[in-house]
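Per Swiss-Prot, the features are as follows:
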MOD_RES   Lys151  N6-(pyridoxal phosphate)lysine
BINDING   Ile336, Asp337, Val338, Gly339, Gly340, Gly341, Leu342, Gly343, Ile344, Asp345, Tyr346  substrate binding site
COMPBIAS  668-686  compositional bias 'Low complexity'
REGION    668-702  region 'Disordered'
Amino acid sequence: MPALAVDAAAPVAHAFACDAARFPAPLLGPAAAAAAVAEKPDAAAWSADLSSALYNVDGWGAPYFFVNDDGDVAVRPHGAATLPGQEIDLAKVVAKAAGPRSGGGLGLPLPLLVRFPDVLRHRVEALNAAFDYAVRSTGYGGRYQGVYPVKCNQDRHVVEDIVEFGEPFRFGLEAGSKPELLLAMSCLAARGNPDALLICNGYKDDEYVSLALIARTMGLNTVIVLEQEEELDIVVDASRRLGVRPVVGMRAKLRTKHAGHFGSTSGEKGKFGLNAAQILSVVAKLKTLGMLDCLQLLHFHIGSQIPTTALLGDGVGEAAQIYCELARLGAAMRVIDVGGGLGIDYDGSHSAQTDMSVAYSLEEYAAAVVAAVGRVCDRKGVAHPIICSESGRALVSHHSVLVFEAFSASAPGRIDPATGYLLDELTDDCHADYRNLMAAAVRGDFDTCALYADQLKRRCADQFKDGVLGLEHLAAVDSLCEIVARGMGAAEPPRTYHINLSVFTSLPDMWAIGQMFPIIPIQRLGERPAVDGVLSDLTCDSDGKVDHFIGGRHSLPLHELPVHGTRGYYLGMFLGGAYQEALGGLHNLFGGPSVVRVSQSDGPHCFAVTRAAAGPSCADVLRSMQHEPEVMFEVLKQRTDGATAAALARAFGAMPYLSFDPEAAAMASGESSGMSSDSEGSAAGAAEEDDDEWEFMRGLTV
């Protein structure tokens, strides 16, 4: 587009101020002015309740998370039954965990994973209560007896807690691999209910099947679920060799299909399960072997995050029909395992429109399952079976919160008055575009402004590539166009907040499958969040960002960062207790977070930290990739003096994430080592510290 003649006087470049406040504003009508005021209310009029509504905390967080009167995110560890004196302020937990030891804190580096075992207990109790109510209210003749699929979160304390909390309900475990089976066997043997089910899923070899049969000899209620027809031969051979009669289940491949991205394992082309012909073949083989009484369980799975009870009812009804057919064929059927699929509401919409939510409650899910099984069994005249579910996501998602710090943010565009003259040095065609842009701005002509801003930027970029303009000219033009856009009322582009976190390690589902989790500030919620931001992690990867948020947002309302040296700006990622820890990788060798276990107590802050552990150190993550930190340290130490070697030892022992603790930074640089800068002092220090340098590093590793 050629430069147009200037039809209004425009000021010279350096007459403009550094921000949009000094830009000539367009005239606004009363309606537009009212809308602008509504969009940017006075910060004093803001409240914690408004923040709660803005982030829809009650939608996705109830009954566990809410915004308290102090403007902090708080936790109700016992759900709706939590008393006012039992609520836990998450910001106070972070202050305790990350605060310096000299001030009574634990000195743990961030990021920080906060576990709430009381929430886990409440989830176990709520799931069992929902099914118990559905059974009693409908006169169902069986009972509910669930299992926790350990793949959702294999952390020792999580699994042990679930078994302990579930013991009164005969709650068991599900394993899908040999290490998971060993984990489940030891945990159930130590603290489980003798009647608790141990469901063995996944592909199997002789060693896997032998472990499962050994578990039966230990008195564990073990069921080997056939995923493939040929697994039956392995089970029969192992049982004969060990002299153990197995209890067998089958996974059916249903026709019912779940269309969401969590439903790829459902339908006739699903990854797992036996079709109708294969089911009949297994029954025939068992009958020939005189082992048909060993077949006692039917399992199916139509996908995680089942969106509606209508789809759930279809799948359960189809499976119940197969269950009844197996009973008719002579199998000693007693359990129907409905698999996973009990979803949670990540975005708080309570709808089936996206994969981020479900259109039912826990109670409605249980009622739909019980009704579907009971209806089919009644029609077929088959005794009501034990109902089992593998509801991992619904159990563990709420129990942990990932807390991380935003340590810097990109600055909005500005023009330095000292460099504003650069705009007057543009070439003639660029300068004509510039003056036309200014004239349109004075008139309040938004469309023409946008046109000339785009043309000016493109023309200047071309001339920069040709070497006509310098980098300073390019920066001045970019800043000017950004300020003009803001002055014309255009939405300010989101600012990038840099976070002390690895998305690949702590939020793997977010970049891998587009899963969204609620992310909000955990404090300052009594203040209006005046900045729209996106999050960028520490990794050297363009995928290491968060720019999609619940509610369809492409930015997150945030606050201006605190002045350097004051308290940090902490964000929390919620509902991530399932899968994220197991799936996280070591991109750029960033390891996992520090972890604290927090229980409700009668203390002054209503909580007690019952377990704390710093995250993996640099040495730990290097070792996981087959490096030898001890050897690396010795090689490096040969080229350093004593003070530097001590700093190296501390670096090996520290977490890979950034540290903003001045004392820690001084220690790492050797400023607090007490070492002299002269060579004699350094040599003496090296001699004194030679024996304890590596021990100091080893003590810092987890």
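Placed from the backbone N, Cα and C atoms, the Cβ positions cover glycine too.
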Between Ile336 (substrate binding site) and the residue listed as 'N6-(pyridoxal phosphate)lysine', the C-alpha gap once rounded to whole angstrom: 21
Neighbour tally for Ile344 (substrate binding site), based on other Cβ positions within 10 Å of its Cβ: 20
DSSP three-state assignment for Val338 (substrate binding site): coil
Rounded to the nearest Å - Cα separation of the residue listed as 'N6-(pyridoxal phosphate)lysine' and Leu342 (substrate binding site): 15
Number of other Cβ atoms within 10 Å of the Cβ of Val338 (substrate binding site) across all protein chains: 27
Secondary structure of the residue listed as 'N6-(pyridoxal phosphate)lysine' (DSSP, helix/strand/coil): helix
Neighbouring C-beta atoms (10 Å sphere around the C-beta of Ile336 (substrate binding site)): 29
